[in-house]
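**Q** Structure in structure tokens, see below.
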């Protein structure tokens, strides 16, 4: 369904890792070409490699789907078990690597460090300087090995996550194409999008978390044994605090997981409404409903943010507890050691420091976080599991009998839990070489009958047999964002002769000639660049092109005029499809004489069936036919771009924009302003600095204490400094050290929570600003950006701002200050270390510059490559019925897998470049640590100093590279801010109010166009040219013209959906001087394509709560919907499903009519408001419209001439000009353009139209021509 020139169609280069050796894999040499290209230019789609075989979406999804199907056969199917079955080998490899690192390398390093520190022990007699140098060398080798394997492990575990995400995403997509209508009532597009974004992201740390949980107990046991063996029982005191805190941390982890579920549910709700708003944005603008929907999203966002705050603050507190535990347990061990009468020495202090560093990180950091991550992943997996267990549609079963459909005594409903049956006791049959018509009132179940044939409905009782392949033309044509030709072929091979004939019989030849690029013209998402008639005929052509046995045509003739309708009926339905099994749902009963059998549906029952001749004898049915005889007067093909389809001349839906180069400082400034102010951002740094000062003070104090004890124990010690003796007296030392640790315990959580609070404020502000900006953006933005692209900003990017970015920013600030503090402290003790420090900073800057040159563009590319996946998903779900009817799910599966493969290739590039950056940073840092370590050993004889420098330098190895990585990751994450800010700077509709207007404006409804010119962009030709029209108050104006004549553009400028030159006056007030929020609600409109929103019936009619229930019931009664709404379980409070799918198209149009009647404005725009209702309802509603809006100025865009022949005037548009404007009878007498349109309806019809116009003209007694 994607553009034929899209990334999935481009031939990609072979992946360089396929031919790499073990050293290239360990040191990521295969990423060098990426970095080289990144230094020369921005990485683009052309630089993406082929997806590695073991990353292929189709293969991964097939394996997981097979395992899941096996699980579904069990009593309690588990997605966890299915994932384990498919990926257990990958997980075992990761677990083995992690075990080697955590149980081998990480424990070996403190053992060697202990041997080194033994040289500085009071009792040391065996160790020599050479031994100290040897053990220092061993520490360096172990650290280097740790660096290589740790980076390899990180790549492997993230690679496993990627494979799980790809497999699960593909399974979700496949499942979405199998969902029943009942299941679609329990889910929505927003939730499915959330599953593919937020929920999948929660599984990112899963493998690391599992490894931590599995290895922590073993690592704890080994470390405790070594602590006891090396340092005695006092060294085990710290474990008491760890054991005491662990259950508390586990408890907090569980709460975090439960909050994660609540956040996910609230995000689902927000995304569901976001999807509806984006899809129906033009209707929202036309009604002036921006503010109610802004408030609606604000309400959902507030609830979501409430839980995100709880989650963030709790998680911050959890992390903070972990931060101060390490120094607290060391403090407790030393405290007990001193109270036992011992003096702290370098060996004891730094051995327990190094071992507890491992233990605290494993038990107090990784274990609780691991548990929290697993629980959060479990929430996501359970949500996926729930989705995968939703009810699936049962497609029509082939019985291998004669081609046809047989339905006997079938009772069916849309939802199993519904109390009302949609169809009751239906008997229906059709066989080969038959054309059957299905007619009936609006909402009688005609479309439901076709859905029953397709297997889309729940059968409560009865028998249904369908044999033969099916083609289906939907009443609401579903088109995807490809070309006209792609939409017609729909995955089938092109047969030129057949294709040309199908285009002819579906009356598309003239349209093809008008399209700027013929049948290669892009139609836009949902066919947004086409008229209603064009969409209907392309949908019909798609069905006809398929060589099927059975054709289900759901009212394809309502959107076209009688002349084109007759052409389609004769050439296509009873011509081209002759010999086929064809079911035609229609309101155009003039064609019923030509079909083999007719079924009349009433309230879900087939009340009458038989041939035309037989049924004509029945009174009720004869009345239906009689009423429709006057409806055979529809004009020639005039159904041009309707009101809701602006006449764009653009060929392509624009590609998603991507910034290039570094993230600008302007983005950081915008984020800081969103946090509150620069002052707040500065103040929030103070706790970070204070915390780091306390940390360094604690470490310094301990080092000086050890040095003091070493000097005091030396043979030539003499008291020279009374102050030192006082400070390091046993009691004073304990008090001072306790105070430092106490302040650290208080400062750490305060710092984290206050920081996250400020970040949350920024996220809320940017989300609200982006949404408000998008809602008020020009329509051009929505015509050139698919909904999946916009949803991606509100799901993934806002998700990053809510949770990921604050943590990355927190880590970046914390680590940056830690680096500065660490360097300063080392340089104070060992000034010579300034030399390697200076060198390492230069090298790190160079490495970071090389990395960022590629990383930023790769990250931006990864973000934009995700949008087509979401767009493909949303488009597919909207066209489910059509997709299943044509049985092309396998084609869409393949396209989705191709999109995932393209994204996976970029994502793996991201992983590879990240790891390459990390390992080369680590190598540089290890060289720095080695230099500082050996320099200190050679220069200093105090164990406290050596221990302090070595522990700080080893810590700096991790902190240095983590800081640079966090700085780079921060820049990567800031691309989400950049993308959000980009959408806060969209071109806005001009909404300045120059002139104050009264609440009663417009009182009369006079409209005047003065020298109006309009073009959609500066490069496009004018679509309205020098328009000068005066519409008097209360006049009824019909607007006619061929496709592209400018009919909808006329209405677009009236609503100021587009910018224009000239002036439009309503009651002598220039509309440019009136705010849009005042202008649009004053003009009622009934669009041809009705749009309903999720929520109550009442909210769909009156979102501002301006009217009473009695007023709403009155208008529902007038539009013949009172009984339908009364039968719903909640009456006016009954909730509509997403898109209002529990109403028929005709009923949706009636809801839109009720909206207009409720507002009772003095100006009304009608765009063939009753095109999809039955003849009797149409007659009643036309009468109701004339009665209810008798004192209104009414402009009707006509697709059927009988609706405007009694108008006061008819405006004939042609190529942007108003070529005629007068009473229809006067225009007929002139025998020009309008006369020719009427004549094309045929002799009988044209005479009938002329009679109506003449009668109305003489009744008015108005013989004045303009």
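First residue shown is number 1, and so on along the chain.
Cβ atoms are placed via backbone N, Cα and C, with glycine included.
Any TrEMBL annotation is an automated prediction that lacks curation.
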**Q** Looking at 60-83, 132-155, 156-179, 180-203, which one does TrEMBL call transmembrane segment?
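**A** That would be 132-155, per the transmembrane segment entry in TrEMBL.
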**Q** For the transmembrane segment entry in TrEMBL, name the matching range from 808-832, 883-907, 958-982.
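**A** Here TrEMBL associates transmembrane segment with the stretch 808-832.
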**Q** Kindly point out the range from 22-44, 206-228 that TrEMBL annotates with transmembrane segment.
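**A** Range annotated as transmembrane segment by TrEMBL: 206-228.
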**Q** Looking at 311-340, 401-430, I want to know which stretch TrEMBL calls transmembrane segment.
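**A** Feature transmembrane segment in TrEMBL: residues 311-340.
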**Q** Need the matching range: TrEMBL marks transmembrane segment on one of 256-285, 346-375, and I'd like to know which.
**A** 346-375
**Q** Which is it, of 638-659, 726-747, 748-769, that TrEMBL names as transmembrane segment?
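**A** My reading of TrEMBL: the transmembrane segment range is 726-747.
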**Q** Could you check which of 599-618, 779-798, 859-878, 919-938 is flagged in TrEMBL as transmembrane segment?
**A** 919-938
**Q** Counting only CB pairs under 8 A, let me know which of 206-228, 234-252, 808-832 has the most with the transmembrane segment (678-706).
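**A** When the Cβ pairs under 8 Å are tallied, 808-832 comes out ahead.
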**Q** Could you name the stretch, out of 132-155, 206-228, 311-340, 346-375, 808-832, with the greatest number of CB pairs under 8 A to the transmembrane segment (234-252)?
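**A** So the stretch in question is 311-340.
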**Q** Residues of the same chain, at least six outside the transmembrane segment (919-938), with any C-beta under 8 angstroms of its C-beta?
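**A** Residues 27-28, 129, 132-133, 136, 139-140, 143-144, 147-148, 151, 826, 829-830, 832-833, 836-837, 839-840, 843-844, 847, 945-946, 949-950, 953-954, 956-958, 960-961, 964-965.
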**Q** With the transmembrane segment (132-155) as the reference, which stretch in 91-112, 311-340, 346-375, 808-832, 838-858 has the largest tally of C-beta pairs below 8 Å?
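**A** Stretch with maximum Cβ contacts: 91-112.
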**Q** Near the transmembrane segment (206-228), which same-chain residues lie under 8 Å Cβ to Cβ, leaving out any that are not at least 6 residues past its ends?
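**A** Residues 91, 94-95, 98-99, 102-103, 106-107, 110-111, 154, 157-158, 160-161, 164, 235-236, 239, 351-352, 355-356, 358-359, 362-363, 366-367, 369-371, 373-374, 377 contact the transmembrane segment (206-228) from elsewhere in the chain.
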**Q** Between 311-340, 346-375, 808-832, 838-858, who has the most Cβ pairs under 8 Å to the transmembrane segment (91-112)?
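**A** Of the candidates 311-340, 346-375, 808-832, 838-858, 346-375 scores highest.
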